[in-house]
């Protein structure tokens, strides 16, 4: 322990860390820098705090007062017997009807001759009923209101038909007595049960991780390009192909990992190999879109701008999938065009074996994002290559001369040519530049 403390103390004596070779923050020499640094830190901190406040207000607003918008969820009801039970249900619904209760649409037996026809209407996504599209909503809102409706229907039935049923029931028959006491019940039919515990993460955390993964990979990719000056030295086509190939391979691997932990923790969720492959491809497309979006922005915008972009993009996409758009305020309806919303719609159709099929809308939107972001990323990359080479030309090639000296490429004949003013050319490993005098090189 004492040896470690001694080594730490010895660090103070190193010239690179000595206070004698540095300026204290309170010194007069640091006044201008101190003022600018403190101001920029304060402005950046306040701006970032306000930006997070705005972003989180957006996602909280998508769920604000959502219990008062339950009427946007439509449930199909068909009265097949045209008897007192149907009448009791209509009476009960009249009492419960309101903004905080789902909308019960009474269909005709001609439009839905059998229960299978009703099931198909739910399967297509025309009605919510018991479809587990958003598990939290289906369990807490739809099922809760259905139970409430059944209970109210039972009370209405007793008021309408209770006395008459009491007179005609066989009091010695236990089954008849049970039917009298509990005349109406319900049976739940779930198109695709998903009872495993991690299902609540599918449309929350699992929609955030793809964006974060692509952002961190992009930081690594940009660092490599900057370290090796690939924007400046490689041909534009080569560097574009390298970035695009790297992004495709990484997003394929990341999507495979995400699909893997879906399947690894699926419990008794009934899904097959074909659904695994389709899930993998859908998540890959979503991840690659996120990568291209962030790549386009990060190439065009300053690095200091990215802390504002990434949370904004994450919260926009997350808000579009955490709850049904039917239950969100009207201003949020535009979220239907966001890639995460459409990808989740495709995944729902895959996992339910074709239920709530909105592929006619989701796939064109997703591929439009993919094509558009490929174009913007390519244009941004061309601009970055142009600026990198232009800045390097404006800064001169003094550092390149030093590299040539170290590598033996800079010879006495080159020096002689510069002194005599001849049009010799300095040889570097990356480019050809016009001649400069030794005085210019030394001054740099």
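Each residue, glycine too, has its Cβ placed from N, Cα and C.
Automatic, uncurated: that is what TrEMBL annotation is.
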Among 190-210, 211-231, 337-357, find the range that TrEMBL records as transmembrane segment.
211-231
In TrEMBL, which of 168-186, 301-319, 358-376, 377-395 is labelled transmembrane segment?
301-319
So which range, 276-294, 409-427, gets flagged transmembrane segment in TrEMBL?
276-294
Looking at 21-40, 41-60, 61-80, which one does TrEMBL call transmembrane segment?
41-60
How about the transmembrane segment (301-319) with the transmembrane segment (243-264) - do they touch, taking at least 3 C-beta pairs under 8 Å (6 or more apart in sequence) as contact?
no
Could you pull the average pLDDT for the domain 'DUF3533' (134-374)?
80
Candidates 41-60, 211-231, 276-294; stretch with most C-beta pairs under 8 Å toward the transmembrane segment (243-264):
276-294
